[in-house]
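Asker: Below you will find the structure I want to go over with you.
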Amino acid sequence: MSAIVDVIAREIIDSRGNPTIEADVLLESGVLGRASVPSGASVGTREAVELRDGDTQRYYGKGVLKAVENVNGEISEEIMGLDATEQCFIDKTLIELDGSENKSRLGANAILAVSLAVAKAAAEESSLPLYRYLGGTNSKWLPVPMMNLINGGVHANNRLDMQEFMIIPLGLPSLREAVRCGAEVFGKLRTLLHKKNLPTTVGDEGGFAPGFAHNEEALGLIVQAIDEAGYQPGSEVAIGVDCASSEFFRDGKYHLAVDGLSLTSAQFIDYLASWVEKYPIISIEDGISEQDWDGWKLLTERLGQTVQLVGDDIFATNTKILKKGINRNIANSILIKINQIGTLTETLNAIEMAKCAGYTAVVSHRSGETEDTMIADIAVGTNALQIKTGSLSRSDRLAKYNQLLRIEEDLGDVAQYAGRSAFYQLKP
């Protein structure tokens, strides 16, 4: 009864008003799995390729009708009749059908939509919550959220070089209390911005996007917001920064426009280290460009014992690249973005490889999101311990937090909130 009898794709709209793809997978039993695919703004060069139409007369060339056609035609024909519970085999079939190194022929967006929809259908067929279907009986850890409070870089129309300034409520007793903490700090930050006559418009991921004179101003204001909301900076609420440094790395230097600086790798690492000394920063993402492996080595040697160093662009959720990084002792964490690699199986493999190497895995959204909540189930199903899914505003972000709250309720007394133990690779 779990045989696939129909696959249907359509073009829908993401949180930035751009087209993306959604797929339905129908099983013989009548069960339906539906999944939609996110899209990034800061896209690494190593990511699997999403297929866009290039027709400037529709959506400025960003349409996905070709990807939809590939699902409704070639992909549908290939997986019709297959058992939806055989996720690894189906994903392998999709990869081989595409035949390219980076899924550029059929489109990683087309392949991923089907891969995720298959898993959802199989979970429904098995009468299991999706997180339980993915992870089994030991799936009980609620992840610590990285909550975006201030947007910059390509995620906002302001002068900040850094892409995200986040809070990490690692000292709270439960996911529910962590979400409450995030909402309260977010509200307090709004008040502080109003007092400074700064705008409270939000960026792609729901964080505020004010025009600060320097990058560091964001950190000082976040610490103030944490304190005035009634929480302890550091012990209860830490800070994370996504530099997205590949975006301002040119000609071998890091160009910080808002600060008027042009820094070598060593100088930029000193710059970040000075922040770590002054503020309760526990996580830095893409602190060095994906092109600067030597710089990554220096950063890891300098801060890797006390700060989580998350590789996003450099690893691209790709086990081949992650293995290279592990062998060279680069970073100590990987950001997991399902659309960077293009199938559920490869996503789960990347999480497993990271854990086996003592790296942490942070399951992440993209700046262009949909109402799909599957990353919440992946985070719990794999016991990934950390999730990054935006601010406490915009329904496309809150959908994931609300799904985590439902999962916590479903787990009942078995549920455990990861808290500070989520950063197991760091020395106390």
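Cβ atoms are placed via backbone N, Cα and C, with glycine included.
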Asker: From Q57, Q87, Q163, grab the residue that Swiss-Prot records in the same (2R)-2-phosphoglycerate site as K337, R366, S367, K388.
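Answerer: The one candidate that Swiss-Prot places in that (2R)-2-phosphoglycerate site: Q163.
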Asker: So Swiss-Prot lists D242, E285 for Mg(2+); which of D204, D259, D312, D313 goes with them?
Answerer: D312
Asker: What is the set of residues, excluding D242, E285, D312, whose C-beta falls within 8 angstroms of the centroid of the C-beta atoms at the Mg(2+) site?
Answerer: Q163, E164, C243, A244, I284, D286, V310, D313, L335
Asker: Tell me the Cα distance separating K337 ((2R)-2-phosphoglycerate binding site) from D312 (Mg(2+) binding site), rounded to the nearest angstrom.
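Answerer: Roughly 8 Å, rounded to the nearest whole number.
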Asker: Ranked by the number of other Cβ atoms within 10 Å of their own Cβ, which of the binding-site residues Q163, S367 ranks first?
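Answerer: The residue with the densest Cβ neighbourhood is Q163.
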Asker: For D242 (Mg(2+) binding site), write down the residues of its own chain that are at least 6 apart in sequence and whose Cβ falls under 8 Å from its Cβ; none is a fine answer.
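Answerer: Sequence-distant Cβ neighbours: M162, Q163, E164, M166, I284, E285, D286, V310, D312.
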Asker: Restricting to the binding-site residues K337, R366, S367, which ones have a CA within 10 Å of the CA of E205 (active site, proton donor)?
Answerer: R366, S367
Asker: Around K388 ((2R)-2-phosphoglycerate binding site), which residues of its chain at least 6 apart sit with Cβ under 8 Å of its Cβ?
Answerer: P145, M146, N148, M166, L335, V362, V363, S364, H365
